[in-house]
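**Q** Got these off Swiss-Prot a minute ago, pasting:
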type: REGION; residues: 1-73; note: region 'Domain I, interacts with DnaA modulators'
type: REGION; residues: 73-180; note: region 'Domain II'
type: REGION; residues: 144-180; note: region 'Disordered'
type: COMPBIAS; residues: 164-177; note: compositional bias 'Basic and acidic residues'
type: REGION; residues: 181-397; note: region 'Domain III, AAA+ region'
type: BINDING; residues: 225, 227, 228, 229; note: ATP binding site
type: REGION; residues: 398-518; note: region 'Domain IV, binds dsDNA'
């Protein structure tokens, strides 16, 4: 089978397999070619190729095997090839658009992967850049030069006029933030990026520049204290900076619930509906709290449809993946997955250090590298606790008139946290945690099996034991089924190397550290 024969059939299979929006945005525009006997799928840039490979390569390979197209697996690279039309299916009819009214039959929607970038509808060609284009540029960290003011320099104004202008600007800004409920401190400039939030931050900036298009809704989830509120409010602040006339509102889901119930009690339901429909961007934090409240969920269902149909941007946060919100209306779960769903991960060591340094800079305090490393190693779970720890150390610095935070000051200010963190951690506790995390038996960790799915967790457990306990290498060996200390040393070195080379293992290790210590 030639590429010209295979690709139109593959397009048909993928069209039937994927949600309509995903196919239209990611698959339909692809071009293909053949280089040195290898079939190639071309993306518009490296970022697009990486996303195609991670999300769709397996599906394309499955179709290739199904059609017995005896070629090696596709490779993905930036470039331009040949565009083929999708193979027709005789008598095929496109499915009708589902009704959006309550009780209507739902359109099946595929669950969104954590790092997938789907679109709810095919985006019509337009002169302006799409959110996908902007996101690709952001991920490549393209520099943006500040715009220079044009025209001749204005005449210097008097101090009184300047003060009046400043006061008026401040009053206008305060009024704007009172209307939007946004915090002026939550901006992209004050956001620290790391592995755990880099993709979400890039997506958020793209949405701020082109709201209501490809990624609607933007659904951000993760544990408490990871910076979800900062990131979503930064979208609102950035949009207002670019479009001061935009109507933006941030709120917690509790406020939405109370607002709806008040409208029901006061018989002002129509006013309530119009109030929320006016916004260009609506941000609701902790949307999971509307679960189990049937009337509230019903009303939000209609509000969601309005935002979707009018291409107004909706941003939601939650502590879990949409599909895992127990008690949430299935129709809402489905619609939450129409846009872009991303997870925020706990900050890695480098990001925690960067957060501390940025906080110190904002507070006008100097922090020594050793002190920043100490605090970052002490507080691993989330950004909120890390900032709280810094605030305590910063307060001690001011009260003691010490402009530089050193490790001794940090230890003194955080001594109660240190005492709590230094609870007795044993090899048995670590072995149990690792076994549960990797879903293997404790007997396997302690046993003689050397298969990869057993040996690697065993080495991770040994390395964690070395880091979190005071046991010697021979004692660690005894705790792991009587192994020789050289075996323990080899395992620890192997894990140290893998943490530098394998991002997935490094993330697993960091999560286990947090689980065991908390």
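All positions are counted from 1 along the displayed chain.
Yeah, the Cβs are placed from backbone N, Cα and C, and that goes for glycine too.
Because the structure is a prediction, the values reported are computed rather than measured.
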**Q** Provide the number of Cβ atoms within 10 Å of the Cβ of residue 227 (ATP binding site), excluding the reference atom itself.
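**A** Residue 227 (ATP binding site) is surrounded by 27 other Cβ atoms within 10 Å.
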**Q** I want to check the contact list for residue 229 (ATP binding site): same chain, sequence separation of six or more, C-beta distance under 8 angstroms. What comes out?
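**A** Residues satisfying the criterion: 186, 285, 317.
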**Q** Count up the helix, strand and coil residues in the region 'Domain IV, binds dsDNA' (398-518) according to DSSP, in that order.
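**A** Its residues fall into 89 helix, 2 strand, 30 coil.
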**Q** Give the residue counts of the region 'Domain I, interacts with DnaA modulators' (1-73) per reduced DSSP state, in the order helix, strand, coil.
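**A** Counting residues by DSSP class gives 44 helix, 11 strand, 18 coil.
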**Q** Hey, for the ATP site built from 225, 227, 228, 229, who else sits with CB inside 8 A of the CB center?
**A** 222, 224, 226, 230, 231, 317, 344, 382, 383, 384
**Q** In the structure shown, with every protein chain counted, which of the binding-site residues 225, 228 has the densest set of Cβ atoms within 10 angstroms of its Cβ?
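**A** Max Cβ neighbours within 10 Å, all protein chains included: 228.
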